[in-house]
Amino acid sequence: MVTADTIRTAIGVIGNGTALVLFLSPVPTFYRIWKKRAVEQYSAIPYVATLLNCMMWVLYGLPAVHPHSMLVITINGTGMAIQLTYVALFLLYSADAARRKVLLLLAAEVAFVGAVAAMVLTLAHSHGKRSMIVGVLCVLFGTGMYAAPLAVMKMVIQTKSVEYMPLFLSLASLVNGICWTAYALIKFDLYITIPNGLGVLFAVAQLVLYAIYYKSTQQIIEARKRKAGQVAMTEVVVDAAARPGGPNAAAANTGGS
């Protein structure tokens with residue numbers, strides 16, 4: 001007979017997979033940074049924020065804080081390593097002022113997580129109290145991370161285009177949120193349920209926007225292609241007219257005969 005713990009573990013493994021997809025989704029951006037040896041206008045803030053979120057969830061999953069949370073530790077430990085790689089590339093290819101800012105943020109995050117860990121492990125003497133303190137902080141940081149797409153959703157509504165809101169990432173966010181919400185509900189964990197439940201709502205909202213603005217997006221892309229083609233054709237005509245022996249030159253020679 002399949003037990004609730006077995007089902008929960010299976011769902012958690014799937015959740016690890018979908019979360020890994022989300023963690024790896026910025027790889028094309030960082031490949032571009034590595035190739036150009038410059039961070040251009042990209043910001044390190046989202047990755048530094050995600051790193052903090054992962055560190056807090058690793059702390060939450062520790063046996064001394066919330067026992068039997070190995071799947072929480074594995075995916076967020078992996079997320080920490082991935083985000084550190086992203087941040088390292090930012091440090092490598094950013095200007096001195098930006099580099100100092102990122103280093104200060106990293107130092108502040110490490111100090112904050114270290115302070116929380118020290119206080120929780122020394123002042124809270126039960127798993128329940130430790131889970132509550134770290135869990136509340138995780139809810140705050142996790143909700144902020146899941147709410148980040150709101151800025152993209154606002155842009156979609158303003159531009160009536162989903163071009164910069166990839167469907168794949170919205171679907172991955174939805175599956176990830178559903179998996180971790182189910183994981184938390186089977187053996188109820190309020191602190192995992194809240195941010196992931198909100199993540200499901202945000203992902204559904206993104207998919208609704210995608211359905212609403214998909215046709216207008218295709219029209220915008222086609223109009224842009226037509227405009228680009230017209231500009232290219234105009235440049236060809238102007239270039240041909242400006243060459244020696246072109247139509248203008250021929251007209252001038254005819255008028256002079």
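In case you wondered, yes, glycine gets a Cβ from its N, Cα and C as well.
Keep in mind that what you see is a predicted model, and the values were worked out from it rather than measured.
Here TrEMBL flags 6-24, 44-65, 71-95, 102-125, 131-152, 164-186, 192-214 as transmembrane segment.
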Spatial neighbours of the transmembrane segment (44-65) far in sequence, C-beta under 8 Å, 6+ residues away: 23, 26, 72-73, 76-77, 79-80, 83-84, 86-87, 90, 94, 98, 102, 105-106, 109, 112-113, 116-117, 120-121, 127, 130-131, 134-135, 137-138, 141-142, 144-145, 148, 191
Dominant neighbour of the transmembrane segment (192-214) in 6-24, 71-95, 102-125, 131-152, 164-186, by Cβ pairs under 8 Å: 164-186
Most Cβ pairs under 8 Å with the transmembrane segment (6-24), selected from 71-95, 102-125, 131-152, 164-186: 164-186
Remote residues contacting the transmembrane segment (131-152) - C-beta distance under 8 A, at least 6 residues beyond either end: 46, 49-50, 52-53, 56-57, 59-60, 65-66, 116, 120, 124, 164-165, 173, 177, 190-191, 194-196, 198-199, 202, 206
Positions whose Cβ lies under 8 angstroms from the transmembrane segment (164-186), at least six residues beyond its ends: 4, 7-8, 11-12, 14-15, 18-19, 21-22, 25, 71, 146, 149, 152-153, 155-156, 192-193, 196-197, 199-200, 202-204, 206-207, 209-210
